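Novice: Checked TrEMBL, it gives:
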- 1-18: compositional bias 'Polar residues' (COMPBIAS)
- 120-609: domain 'Major facilitator superfamily (MFS) profile' (DOMAIN)
- 1-37: region 'Disordered' (REGION)
- 116-133: transmembrane segment (TRANSMEM)
- 180-201: transmembrane segment (TRANSMEM)
- 207-231: transmembrane segment (TRANSMEM)
- 243-265: transmembrane segment (TRANSMEM)
- 277-297: transmembrane segment (TRANSMEM)
- 337-359: transmembrane segment (TRANSMEM)
- 379-398: transmembrane segment (TRANSMEM)
- 418-439: transmembrane segment (TRANSMEM)
- 446-466: transmembrane segment (TRANSMEM)
- 472-492: transmembrane segment (TRANSMEM)
- 504-525: transmembrane segment (TRANSMEM)
- 583-604: transmembrane segment (TRANSMEM)
Amino acid sequence: MTGALNDTASAPFQTRASTGAHESPGGNGGTPEHIDYIGGLESGCSTETSNGAGAGHEYCMHSRGWPPQCQGWQGGQEQQETRQPGRSWYVRLPQWMRLPWARVALNGNERPPRPVLYAIVLALSVPYFLASLDQTVLSTLTPRVPNDQEELFQTSWVTSSYLASLNAFMLFYGKVADIFAPLPILVVALLIFLCGSVLTATSTTMVWLILARALAGLGAAGVISVTQAIAAEVGPWNERGQYMGILGAVFGLGTTIGPLVGGLVADSWTWRVSFYANVPLVCLTLLVTVLVLRITTHPQPLADKIGRVDFFGALMLVAGLMLLLLGLNWGGRVYPWTSPVVIICLSVGLLMLGVFVFVENKLALEPIIDSRLFVVRNIALSIPIEMCVGAVFLNTIFNLPVYYSFTQNSSASESGVRMIPLACSVVVFSILAGWVIAWRSAYRPVTWVGTVVMTLGAGLLCLFDGNIGKAAQVPILVVLGSGIGCCTMGLLLTVQVSVRPTDLAVATALATFSQMMGGIMGLAFGSVVSESTTKRHLTALMDAVPKYAADILRAQNDANEIWAMDVPHSVQQSIIGAYARGLQYNFVLITCLGTVAVVLAAFLQGVSQHKAPHAPPLTSRSGAYASSAGEFARPGLDLNRLDFDGTTIAW
């Protein structure tokens, strides 16, 4: 394998150095950043001089399709291209390593070979799965951490640090991916996530572990948000649902089986195994990403790109979200809700978020989240629906293992095994929903039916009173999982199809952030409901049987003592019933949130995906760069209707 300079098209890995700005075929300025994939053999990419650019200004014809003069891979033979000599570095691979497909621009409507498309999506799914798995895997691992390190500490810090940094940086990643292009941001996020996993696995103190988990969450935020944006650009957008369904299934699978994986690791090996396993998988993904995906650079200088980043707004956003999330996570668990720590975190966090909103609307030249996005009806409705879906999903994931442990004395691995029906149904119906949307453009029907089924499943969870049989639990979990799978995929694709391609990354990050933020808020409020209900029933039980008041009080302070107490069976069952009743009220809460999602989803609009949006984007306040809302925010436009190239909006 040798490196050389060459003017032929046989360069499998090649970087083009242009002497001037790339001009669009229309002569209206530089083409937007987009991602390319390369399958081993780069096609002949003809370069032409733009009429409006002058000599030396070239543009890649692949960014606009396959014109007749572009000699690519045809008939299984390598074709030569028209290119000025001495302009490209390349690495020449042996003939047997060259794959028979050509380099294409992934931000257009060109279609790479289907096996390549799915191979890229599957490669991106690996870190996406790991990042989503790490959200819930520690729910059953944290009890082993202090024992292993021989320290007593509030282990909720371990989970809080990851979730706080994950949610706080997600929107920022979406914006910088739109500015710098998604691929380099994904590589940086993967490296950060890799370092966080290594530091977590090798931690020797609890402070080290908490900081390592925060670093891993910082990387996971970029992995989750940017991976979705890249997958959305990797092929023709009218077929996006087919392969985005895979990512949706991966996210649901990783989040759902986290307790199972954590339980198996906790029961069989050391907790460090789950983080050591991240290292080879992330390294493999980095290798595939660097070799397969390519980026066509924007002619804008790096200093100008850095100048477009709203650092003060990002600081207010990240700091405000982290304080708010920590307050919600600690309230009622680590500290009482009336504790000064919780009150300060919540109040200062809300104040910083208020400053962020003011800065973005009044001062920022290029806001992280353009407020004009929210005038699009589907965007404005999808955000609260995503929050409701996230509350239902995360509440179920965290509380069902608690239910199995308290009411049936199940081990961590047994509780995880009982979650398998939920995980399988989420995976299957995420993929099916993506296929149906790609086939029939059924954004609104899939999403609305998903919210109805999800709400039905959440309502059926109220039957979990501690005495329900195992056979009856399976269909309830299947119903709930099928609804969640349809909702998650339908909402994500609805958001993506409702924005300009230049805003795809930040809109995708906004959708995912809304779901996770709703999940954390749902967990916080759900814990208040369940704990207050359980405490009320246990207090009444202590008044009824004062002889065992001390044992009941011990069970109230530590639910793990339920099955170790020497009390009559009737008293033990009453204690179990009190905890089951508290969880039932929690399930009533998420049923109400599901009902809100059903009502809001009824007002979503049908969108046809057979034609891409064509409207030019709005300019930012500085007038220099493209902004977000596109034609949807133009004065006088009917915002109750999405118009894509005159396509009729169905149901």
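Each residue, glycine too, has its Cβ placed from N, Cα and C.
A TrEMBL annotation is a machine prediction, not a hand-curated record.
Are these features on the surface or tucked inside, and what are their neighbours?
Specialist: Outside the transmembrane segment (116-133) by six or more residues, the chain places 37, 39, 101, 166, 190, 193, 219-220, 223-224, 227-228, 230-231, 234-235, 243, 246-247, 250-251, 253-255, 257-258, 261, 278, 281-282, 284-285, 288-289, 292-293 with a CB less than 8 A from a CB of the stretch.
Counting same-chain residues at least six beyond the ends of the transmembrane segment (180-201), those with a Cβ under 8 angstroms from any Cβ of the stretch are 33-35, 127, 130-131, 173, 208-209, 211-223, 226-227, 229-230, 233, 272, 275-276, 278-279, 282-283, 285-286, 289-290, 293-295, 297-298, 305, 505.
Sequence-distant neighbours of the transmembrane segment (207-231) (same chain, 6+ residues past either end, Cβ-Cβ under 8 Å): 35, 120-121, 124, 127-128, 130-132, 134, 145, 149, 157-159, 161-174, 177, 182-183, 185-186, 188-197, 199-200, 243-244, 247, 251, 293, 492, 504-505, 508-509, 512-513.
Sequence-distant neighbours of the transmembrane segment (243-265) (same chain, 6+ residues past either end, Cβ-Cβ under 8 Å): 117-118, 121-122, 124-125, 128-141, 224, 227-228, 231-232, 234-235, 271, 273-274, 393-394, 397, 401, 411-417, 419-420, 422-423, 426-428, 430-435, 481, 484-485, 488-489, 492-493, 496.
Residues 136, 139, 255-256, 258-259, 373, 419, 422, 447, 451, 454, 458, 461, 480, 484, 487-488, 491, 494-495, 498-499, 507, 510-511, 514-523, 526, 586-587, 589-590, 593-594, 596-597, 600-601, 603-604 of the same chain, all 6+ positions outside the transmembrane segment (379-398), place their C-beta atoms under 8 angstroms from a C-beta of that stretch.
Here the transmembrane segment (418-439) has long-range neighbours at 238-246, 248-249, 251-253, 256-257, 259-260, 396-397, 400-401, 404, 410, 446, 450, 470, 473-474, 477-486, 488-490, 493, 609, meaning same-chain residues at least 6 beyond its ends whose C-beta is under 8 angstroms from one of its own.
Distant neighbours of the transmembrane segment (446-466): 385, 389, 392, 396, 403, 407-408, 429, 433, 436-437, 472-473, 476-477, 479-491, 494, 573, 576-577, 579-581, 583-584, 587-588, 590-591, 594-595, 597-598, 601-602, 604; these residues of the same chain sit at least 6 beyond its ends, with a Cβ under 8 Å from one of its Cβ atoms.
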Novice: If you average pLDDT over the domain 'Major facilitator superfamily (MFS) profile' (120-609), what do you get?
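Specialist: For the domain 'Major facilitator superfamily (MFS) profile' (120-609), the model's average pLDDT rounds to 82.
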